[in-house]
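J.: Pasting in a structure now, in structure tokens, and then I'll have a few things to ask.
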Amino acid sequence: MLKNNSVISINDLSDEDLNLIFNTADSMAGNLKNGSQIKTMSGRIMATLFFEPSTRTRLSFESAMQRLGGSVISMADSKSSSTAKGETLADTTRMVSSYSDIIVVRHPLEGAARLVQKFSSRPVINAGDGSGEHPTQTLVDLYTIKKSFGDINNLEISIIGDLRYGRTVHSLLLALSRYNVRINLVSPDLLRLPGHVMSRLKNIKINEYNDLNNVIESSDVFYVTRIQRERFTDKNDYNKVIGTYGITEKDTEKMKENAIIMHPLPRVDEISSSVDNTKNAKYFIQAANGIPVRMALISLILGD
């Protein structure tokens, strides 16, 4: 059950939870389309603690809470908070949980979201912890695939770019291992999927490639990620891999008729702007899906 529970990893959610979230997201999307007023979170407060830059995720969560009739208190810049004075994450968490009903946290250190959960008296949602996981982005990704194809099973899904540091990739692969799918991992050798993630992927067919051309004609889903410059400790390594892959409008001509291109955003040069108006481009729809999906998750955690 989701009620009053935290979501730190995608593995904190059962298959039944996923289906419930997607069905609830459909209802939320319908309400948004019809302009229906939702007040189920009236009187509830969400605290957003973002120790790392964010545009889509933070605004998506805050918009979702407000559209449910709730309110938001926000720390969008750790430099202006007491953490800049040396306050520990544990103490910050204790204080913020006394001000709110639910906490959404993003932090540059892997494992930080679990620490927040440990010291919080309220449910916690992980909005990204370093190169660890980003479970709500995975919910949005799965929902987008499901809405595009009607099902997630029996698809060939190619994940392209920074597989080493990309937390969206790690969460997505853990979730996809529950389905009957074929996975292609396309990356430079420097950015291959870490062994600790690969070892957790059971009963799933995975192929690894360096060349995008190996998968361009056969894939149903292209999940493209930016190279995470901020995670590199050696700038020379970053310079070796920047610009390795870039999908252009010409590439879409080689794809299946109904293939979709996704990206968790922000993008740099991984997808040309010429792709934006093609029928394959789904990344802006994917971003928009974040609102009903996060509305669904919040309402299921805090609902009566």
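Placement of Cβ uses the backbone N, Cα and C atoms for every residue, glycine included.
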J.: Need a hand: Swiss-Prot gives ARG56, THR57, HIS134, GLN137, LEU265, PRO266 for carbamoyl phosphate, which of ARG94, ARG106, ARG178, ARG182 is also on that list?
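T.: Of ARG94, ARG106, ARG178, ARG182, ARG106 joins ARG56, THR57, HIS134, GLN137, LEU265, PRO266 in the carbamoyl phosphate site that Swiss-Prot records.
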J.: Have a look at the binding-site residues (ARG106, HIS134, ARG226) and report the one with the fewest Cβ neighbours inside 10 Å.
T.: ARG226
J.: Please report the Cα separation of ARG167 (L-aspartate binding site) and ARG56 (carbamoyl phosphate binding site) in Å, rounded to an integer.
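T.: Given the Cα positions, ARG167 (L-aspartate binding site) is 15 Å from ARG56 (carbamoyl phosphate binding site).
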J.: Which residues does GLN137 (carbamoyl phosphate binding site) neighbour through Cβ under 8 Å, counting only same-chain ones at least six apart?
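T.: Listed in sequence order: THR57, GLY128, THR168, SER171, LEU172, PRO264, GLY290.
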J.: Are there any residues at least 6 positions away along the chain from PRO266 (carbamoyl phosphate binding site) with a Cβ closer than 8 Å to its Cβ? List them or say none.
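T.: Result: THR55, ARG56, ARG226.
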J.: I want the residues beyond ARG56, THR57, ARG106, HIS134, GLN137, LEU265, PRO266 whose C-beta is within 8 angstroms of the mean position of the carbamoyl phosphate site's C-beta atoms, in chain order.
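T.: So the extra residues in range turn out to be SER54, THR55, SER60, ALA127, GLY128, THR168, PRO264.
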J.: If you skip the near sequence neighbours and keep only those at least six away, which residues in the chain come within under 8 angstroms of LEU265 (carbamoyl phosphate binding site), Cβ to Cβ?
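T.: In sequence order, ARG56, TYR283, ALA287 meet the Cβ cut-off.
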